[in-house]
Amino acid sequence: MNKLTVTKISAIGFVVLLVILHFINTSVNPIWQPISEYALGNAGWLMQIVFFLLGISFLTLGLYLIKYLPKIGSKIGGVLLVIASLGNFLAGIFNTDPVDTLPEYMTMSGQIHNAAAGLLGFMILATVFITYQFRKNMFVFTIILWGLEVALIIVMGVYLSETNGMITPETPIGWLGRIVIVFCAIWVWSCAHYLQKSNFKN
């Protein structure tokens, strides 16, 4: 099984299992609680698998780009995807604290998880370098992804400014965060699919 096939299967698995988790663990309110909260429930192991699957999809696509695409932009994008994948693996290993935990009471696991989540930004950045290689083929997907990410940042800024930086039921950013992460998986799948169809190898 080649890297691109693994990328596509992992991305699909991520989306499917994440959807299933919403039915298994109904104690998490998707309106405001992040997906990391699913790791704290009875099916926490399933959320860990979800993180690992997304990490695998980033990693395998990144390694493929580094190995097979000749242009420096694609290789930079590949490296950024590999870095982003490490964030997903760490997020799967180290559970988050409950979202309403005050900073002074956060565990080491929660701190590592939050830092790892920040590495998703490298995936968003990678799309710029990779899209430059493919021109029109991934342009629309990339614009949508960046639009969603910017919208999430703006919405978080607005709501968190009203709650002193704490995520509460009054900060309804859960669904937008889910849309962003799912679209990351869709972007990765689409990129791998395009590479397979075009046999984009050096």
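Cβ from N, Cα, C; glycine included.
The transmembrane segment annotation in TrEMBL covers 12-32 (among others).
Remote same-chain partners of the transmembrane segment (44-66), defined as residues 6 or more beyond its termini with a Cβ less than 8 Å from a stretch Cβ, comprise 3-4, 6-8, 10-11, 13-14, 17-18, 20-21, 24, 35-36, 38, 74-75, 77-82, 84-89, 91-93, 95, 123, 126, 130, 181, 184-185, 188-189, 191-192, 195. Residues annotated as transmembrane segment in TrEMBL: 44-66 (among others).
Annotated transmembrane segment per TrEMBL: 78-95 (among others), in sequence order.
The annotation transmembrane segment is assigned in TrEMBL to 115-132 (among others).
Residues or ranges marked as transmembrane segment in TrEMBL: 139-161 (among others).
Summarising the annotation, TrEMBL assigns transmembrane segment to 173-195 (among others).
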Contact ranking winner - 12-32, 78-95, 173-195 against the transmembrane segment (115-132), Cβ under 8 Å: 78-95
